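Notes follow once the structure below has been shown.
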Amino acid sequence: MKRFLWILLPPVLVVVARMHVEWVWFAQFNWQSVLFQRWMLQLLFAGAGSIPVFLAVLWLRAFDRIDDPPRQQKRPIDGMRFSLVLMVSGLAFLACSVVLSDLAILAWKQPFSLSHWQSTGHSMASEWKALLPIQLAIAGVSLCRPQLRRWVAVAMGFALVLVVSRAWGVWSLAWLIPDEGLREPLLGTDLSFGLGRFSAIQLGLELLVLSGTFTTAHAVWGRVTVSPHLSDWSMPALGNRSYRWLSIGVGTNLLGVAGLVWLSRHQLLWHQHGLVAGAGWLQQHLTLPFRSLLAFVLLVLGVSCIVRGIGHLQRLLLLCVAAIVIIESTLTPLTRWLVVRPQELALQAPYLETAIRSTRHGFQLDRIQRRRTEPNVDLTEEDLESGASTLRNVRLWDSGPLLETNRQLQQLRVYYRFSNAAVDRYPLIPDSDTSQQVIISARELDQSALPRRSKTWQNRHFVFTHGNGFTVSPVNTRGTDGLPSYVISDLGSNTRIEGNRDLGIKRKDVEAAIPAQNAALYFGMLPSPYAVVPTEVDEFDYPDGDLNVYSHYAGSAGVPIGSLIQRLCASIYLAEPRLLTTKAIQKDSRVLLRREVRQRIRAIAPFLDLRGDPYLVSVPGDNLELGTSGNRIQHQFWIAEGYTHSATYAYSAAVSKTDSDRYLRNSVKVVVDAYNGSMRLFVSEPDDPIIKSWQKLFPQLFESIESMPNILKAHLLVPEDFFKVQVSQLQRYHVEDPRIFYSGDDVWQVPLEVYGGEQISVEPYHITAQIEGNNSSEFLLLQPLTPLARPNLTAWLAARNDAEHYGELLLIDFPKDRPILGPEQIQALINQDPEVSKVFSLWDGGGSELVQGNLLVLPVGTSLLYVEPVYLKATKGGLPSLVRIVVSDGRGIAMDVNLSAAIDRLIKKTPYGITEGVSTDRLDESRKRSIS
């Protein structure tokens, strides 16, 4: 007994240490109750998962103990029959072992993928597929060794309990999800059935069938391979008791299969059938009746096996099952060819209408406000006056060139990294009713970029603990050398905060709107190891010339490790014994865990799907609740987007072949303190049934979006990832008439443009513009659209970002009877212009490279303005400099060093004086400056 206790001690210590660290980590947010609920749910479902395992063990023990004489009237099982029994039971044993072990691995690594592991064709990760030979080898050897086979059976029992326990989110969602109030027309179920309940029922039935099949196969194989049956290749017929007991096992499995077949009727609702997303005429009138009949026959077959055993009636029912499958497989293509195809539109129109309506609802396209506009042919002075707010914020700097410049001018040390640049708006001009568009980029510490000799344990976890600062540059201007004009740059005591005379921005207004001092970033986008702070070791804060400035963390984040017990738990949790031996730890030391923002959120809310990169905001104010860090006010926060999604939403079309989502909501905005690591989760889609379920389960975790501080709410952005999905679905589902949808003659596409010599799709971009009917300008996310296989501009979709109208979608249709030039056509006109082409050719060569930036289509008054920035950089690692702006109104083209000058040329219709004042010497000088 003592020996057993010593063996048990290490795993118990590991479990206790992990539970302690997790509990304390959740306690820093006052969310211990969330962790406790999750533990209790997993314990509850582990108990529920143990019930079928316990019943299977009882059944196996009872079957193995039966020693009744063979039935004399039955002939022995030999020859081909023996081979068939041996092959079927062996293959079933192997297949169930592999699937159950794969599910256990998936449950351990990605438990929230269990809900769609099969219904959406979930494929195991490649590293798990590499385990297949090992799994087959172990299961194969166990077939030959009874003792090993029993251990495999025990392992499969644990695997089943693990899967059921780790799938707590699947079962909880199914139990708590409210009705949406909308019903699908085929089976009459509420649409919430597909969002939550279907996956849970399917997973439960699949696990029961897998475990039942494994148990039955294990029992049959054990009986068949008992000596001397295998050597004789024959065995006597089973006795009456054994036969009845085996019939009960087979019948139970058949009941599970019947349930899966009955449930598969719902799968017709979210499988694409030709043009119809969901069940069409053929599925309703042929597939559905056959599946219902098949489920009924399997149900009768299963019940009869349990009640009467396997006999002539059961064999007849089995033949009926085969006949139903064959008849359906034969009739389906015949009916499609002879009945549906000749009158497809008439038969499918009601189903197409349902699919259009459901797809639009699944991706919130039904919220779109649609308007029609007819832009003027020429850009006029009146347009410039009414569109002044738009022209003041035209984005001339793309993220790519700006990040390149940041990395060369602002990283300052090899271990700093600018991984993302986000477009945002800040009130930098107090008297203006329009916020200034800027690009903000965080300077994070990249541990992987440390020199090899510097990658010591102490450096990685005690010294290089955080990034520092950020850059802010207006989107619509450049410096005298063509480089970005920063209003905030550099870091630490050398942080430069500047105004911009051309834009009317004053330094004091920048300081008031964007706090930049003490901007230590302990939590960020980049993966970071744990950090131990504060300690006896000085933390690197920032470089100051040739010297380094050091600091100590003064926040409240982290798990305390001041006492010996706390250090022991942390060292076990992190598998790091050096935490016990180092002398750098002091009484108030803590270990910062999960410092990557998305990892941090997933630990708290694993049911949220996090897409896209979090973006940094820096805001004034000392009453943000989650922003206080000891005696220090923290102003930098990360905002991340949390989604709820489903691949089983009735009659909704999937996004693509690789993205099976049929329902998507940007339901949660997560704000993370960049210094203190505190988090708040704000519900931005309170009507979403899925997020309602999680609010019921964890009410302490969520807040309404109305409770978000206004200073943060002013920086909310419609996420580009969500917007792109909506644009993708809109390309076909902007049509609401089934006849037009069926004809396919009004399909849209995202236009193409040439960027850096490569043809790419036009990305969504932000503009500040005044919507018709509004008195003030708004911050919009815009996507131009063109007809399929035609370059003319047909529409654009705009997402509104400002608080009052946040998330509203506006679709602007352009006239079909007059061609409006699209981005691809305008770019072709620019490149074909002889004067422009001459200048471009002059720059693009001799060690320099010309890059035509993103072409923007902007509403200016009642006209359209096309704007394309032009960058010049050295071929090998040069700084991209903004050298020219090309503009067009669809008729004329003009180019100059800044936007206002280029527009002035366009309005005055100056005959292509685009090289005026730009001598070859100046071009050479620009090239040299870029190269240097």
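Just so it is clear, glycine is given a Cβ too, placed from its N, Cα and C backbone atoms.
Annotated in Swiss-Prot:
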type     : residues : note
TRANSMEM : 4-24     : transmembrane segment
TRANSMEM : 40-60    : transmembrane segment
TRANSMEM : 85-105   : transmembrane segment
TRANSMEM : 124-144  : transmembrane segment
TRANSMEM : 151-171  : transmembrane segment
TRANSMEM : 201-221  : transmembrane segment
TRANSMEM : 243-263  : transmembrane segment
TRANSMEM : 293-313  : transmembrane segment
TRANSMEM : 315-335  : transmembrane segment
Folded-back contacts onto the transmembrane segment (201-221), same chain, C-beta under 8 angstroms, at least six residues removed: 49, 52-53, 56, 59-60, 63-64, 85-86, 88-90, 92-93, 96-97, 99-100, 103, 114-115, 117-119, 143, 149, 153, 156, 160, 163-164, 167, 170, 174, 246, 249-250, 252-253, 256-257, 259-260, 263
Per Cβ pairs under 8 Å, the stretch of 4-24, 40-60, 151-171, 293-313, 315-335 packing most closely against the transmembrane segment (85-105): 151-171
Positions on the same chain near the transmembrane segment (40-60), where near means CB under 8 A and six or more residues out: 153, 157, 160-168, 171-172, 207-208, 211-212, 215, 218-219, 245, 248-249
Surrounding residues of the transmembrane segment (4-24) on its own chain - C-beta under 8 Å, 6+ positions past either end: 32, 35, 559-560, 568-570, 572-573, 593
